[in-house]
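Here the structure is laid out as structure tokens; the discussion comes afterwards.
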Amino acid sequence: MSNNLFSLPSARRQIGGHKINNNIIPAPPKNSIPFTESEYTPLKQSSSGNMEEYTDEVTIINEAENGQPNPITNDDYSRVPLQSLPSHHNDNNRNHNRNNMSQITEASEYSMQYSKFLLMIMSIALTLSFAAVAVNRHVSHKNHSNNNSMGKSNPDGGGGDDIEKPTLSPPSNTAHNQDPWNIDGGYGGIFSPPIVGIANGDAGTNSSSSSSSVVNVGYLSQPHVHNNTLVFVSEGDLYVTSLRGYDGTGALSAMRTTVTAGNIITPKIAPCGYLVAYTATYTGVRELYVVDLRGNAPAQRITYIDSAYGAMHVIQWNGNDEVIFSAYNTESAMEDSRLYRVKISGAEVGKITPVPLAQVTDAAFLQEDGVDCMYFVRYKQSSNTIRYVGGTAENIWHYCENQNTTTKISGEYHGTSRAPQILTSGGDRFLLFLSDRSDGSEDPVPVITNLFAMPVGDQNKIIKLTNVCGGIGVAELAADSVTGNVILRVGADLYFLPSGVIDGSVQGSGLKNIADMNPMSIKVHSDFNALQERVIRVNLSRHLSAFDCIKAPSGQVQTLLTLRGQLHQSPLVMPPVSPYQVRRLKLAPGSKMEGITRVLWSAYFDSKVALVLATDPSNQASHAWYLIDTSVPSFTSTGELPVPIVTNITSVYTDRIAYTAGKVAWVDTDLNVCLLDLTKGGDYSHIIMPKVNDQGNPVVEVGDIMFHSSGELLAVEHNAANQFSVISVAAVAETADASAITFVQATSDKFNSNKMYLTEKMLYFFSDRDVMTDVGSPWGTRAPMPHLRSSSAVYGLPLAKDSEPMIHIPENNIPEVSEEGASNSENTSDTEVTEPPPLELSLVNLISKSYRLEYIPAGRYYSILCAGANYLTVLDMNTEKVQIIVWVDDGPSNMPKEVPLVAVDSLESIGFSANNQYFYLVMEGKLLVVENNLEGLLSLKEGDVKEVFTEGMALHVQPQLEYLSMYEDAWRLLRDYFYDKNMHGVDWSAVYKRYLPLVSRCAKREELDDILKYMASELSALHVFVYGGEYTNPAPYLDGSAPLHQVASLGATFNRTNAGYAVTNIFIPDPDFDHVDGNPISSPLSSWTLRLTGQAGLVAGDVITHINGENVLSVPDLGYLLRGVAGQSVQIHCTE
């Protein structure tokens, strides 16, 4: 094998078109001659403003009643678009509570001739090559009071006594006049993808130059610079550009150097100038790679770390032949980060040596008086927070080889000091670092992250070099050790500080104000492929968040499915079925409107109208209630947005919504129980229910909520003052006056009562009041706690006067039931059926009326699925398998018997329709639906079950619009769920505006995470994290081969020598344990592990020469021969 892996050296143009019906399409060809540039109407070039201003000149026309345009006012802006506000606009003068909307006007229908003409134009356009333009999205923020009748804003409906059903408006020549939110064409032409901010090069930049029109799209991060070569990361890939002759002005072009499905991080340039080290996930495991910028050579993998985390970060180069990187240590079973050196060329190529300090995450290395020293940072607390002061704040420490101690050199400041780098200026060496301290004084306070310097060897002199404005601190720095220039990252942009500015600052001539600087105008040459539309196959267990079902007058059963924020309607069918026999419909949002709203919950109001909870298009993504037509899609364009009936409500817990008989109740994040009566029509105002029941217990921590089928009663499960869960019931037949409604406590607060189920006459629930522990004594070495193997018993509470305990009814009215199923479920009685009298409900003295259903044994029941006059069905978790069990009254004996319906091995989820008339099961990727009655349940046993037609169903997602929606949702969730309503004193609306312009710069999910981390960190709170998401995974994750790339561990450390890999240490386990948490802790090379085989284990000094017959020196690393063999036997040859 060679000892050297590397040999060391001896504008995008915008084209417009004719505008037809508010869609930009190319102009038709003249005399069938191909287009020329002169045949297009060029768009107006953009101009930029400062960081808090728009970078485009935007004209927004509001239609007055007489049809004439009105001048723009401050109130016409609400959502800060994915760029900045114009200089003439005053944010402070916004009226965020303005209660007006643009009227919706209904356009006249097209004539047949015009329709034919439009089709002709469209067919011509489809045959031509043209540039489509995506326009930035603008939304006018118009909040509405909670009780505002949104329906009245439409003169054609919503204001009468009856509910006005939505209708589909015909296409309009002035579609934007129908836009109640004034979304100004933010979704591009009809042929262009709805990508916000891409067509406009200045969108989302922090440029303060009013004359700049340079394209600057892309989220630029992790810069490193050496001798005027700059590398950085965007879209998860490595880009490179040259700074030779660059003075901070003009445009730079960046070349893409890597193409990864995952992402590369922390690139560092070698002193030679053309080798770049970074870590990447090509194989599914993050490892260290080196690429040659001279081209025509693949990146070389350097490490094979026997850790699930691999190599994490590149720290720096040490010469041209050694890279310093961080990884979780391989020297002990305790996971901890530390630094390592790896040789990439020379006689010791491949040798990995640990840096002699544990828990180091970042460092700057230098020589002091001929001794190797370093300034380093230890691990930090893992929360996303800024202005943190505490024991796990990052601080800078100093260490030299052969010393026994380290020294903290970042002063007595208890906040954050991080990212050390060495820079030579004026012949002196300085330690550059980032810190959120206010200044270099002895008693600073945490404010915002800036760049600081400290003379090497003089820790008492701390110099502040920058002054960040606009609220976004310096995230990263890169110092050029050759030229003295410094690159800073702020937000999504890089800033250039020439060496002269640094020299002047360290000499005390003043700070560099970031607001006086322009971001580097770097053209990122990319197709932004990650922003192309994603088509995602529906995964019911992951995507289904709400379900409802209704039988139409035609007899066809339709279902409403809320899937990943989209609303779909699909029929219930009996498989197999031809796809041509059924019709599915995506109801909301439209094909190119995914970013305008997100559907959270839905239910049928009737067979033609659905009640939908969705986010509204305001800049707060507030929750709103809509009534939409189920025969046609909604939210299909900015000109045809449905009008909410109630908007700007506090965020709703979507798992705590109840609906029946035209009434909907929900629990919001302010812990209110809210009630809306849709049967009244007119002013759709909701009321807030009392927060205390008749026994003085608070009705705030509500866990479940359910209506009586008549809509006259509302039951809620909540915690009493002593934290026991109780059930309270309120009569809600009249909903006009909240003060007239009283919650009556129905169960005792001496025990837990939960998992309630309402029938016509009864309230059933589980309670732990009569269960026994199977631990006989509280004494013993383990001090056992009570163990309740059967934690719940079933109880009933009569709600109707003269209700009978469970539940003896005339024998001739009982379905014939056996363990084989329902053989005869018809009513065989010859008695004439008479209409029952109206049911009279009573809430008097409920606490004393409940009783246990004696003949249903206690168990580990999960929920009550349904109940009737002579049966009760539970989801049982007593056995290893989840079971659905029906307890049926068998008639004269009055002894209910157990009928197991199905033991579900693959049950993924189970739930009810909005009115509890159906329930569904997700099993093996299928959505099964049964009627919530005895006959429907027993059909499960026969396998005669219908399913929702979801075959081939897919979700179409526009990534950048989804990023915008996710950003707004994250901001709103923190606002509504954070424990302090004052948000720790942070202006949360200002935080939204501060980071919003960065969203349009995101071209990958990880970049959005970066923005969310900065936004969440503004709260200065611990235990705030951003993680998870749908990331683009490398191929090994997709084809299942990732484990084959994982390096197995031999439980030892090694040193690469000319003879092989010499054992330096074998971990010695605790002799009392073979396994910890189910994992072996003894090295497979130890005598302890091999004692039963008759073989002697290895000891320090032994040299491994071959693994499974292959010479270990013929491969880059010992781990190369240990990939994918964890848990398997391998043959090892060694010498002493």
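The chain as shown is numbered from 1 upward.
Backbone N, Cα and C define each Cβ position, glycine as well.
Feature annotation from TrEMBL assigns compositional bias 'Polar residues' to 65-75 (among others).
Residues or ranges marked as compositional bias 'Low complexity' in TrEMBL: 145-154.
Residues annotated as compositional bias 'Polar residues' in TrEMBL: 170-180 (among others).
Per TrEMBL, the feature compositional bias 'Polar residues' maps to 821-831 (among others).
The average pLDDT computed over the domain 'Tricorn protease C1' (959-1016) stands at 92. Taken from TrEMBL, the feature domain 'Tricorn protease C1' covers 959-1016.
Under the heading domain 'PDZ', TrEMBL lists 1095-1130. With a cut-off of 8 Å between Cβ atoms, the residues of this chain six or more beyond the domain 'PDZ' (1095-1130) that come close are 1, 301-306, 350, 1043-1050, 1052, 1054, 1056-1066, 1083, 1085-1089, 1136.
The annotation region 'Disordered' is assigned in TrEMBL to 64-99 (among others).
The region 'Disordered' feature in TrEMBL is assigned to 141-180 (among others).
According to TrEMBL, the feature region 'Disordered' maps to 812-836 (among others).
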Using DSSP, how many residues in the domain 'PDZ' (1095-1130) fall into helix, strand and coil?
8 helix, 8 strand, 20 coil
The domain 'Tricorn protease C1' (959-1016) - residue tally per DSSP class, helix then strand then coil:
46 helix, 0 strand, 12 coil
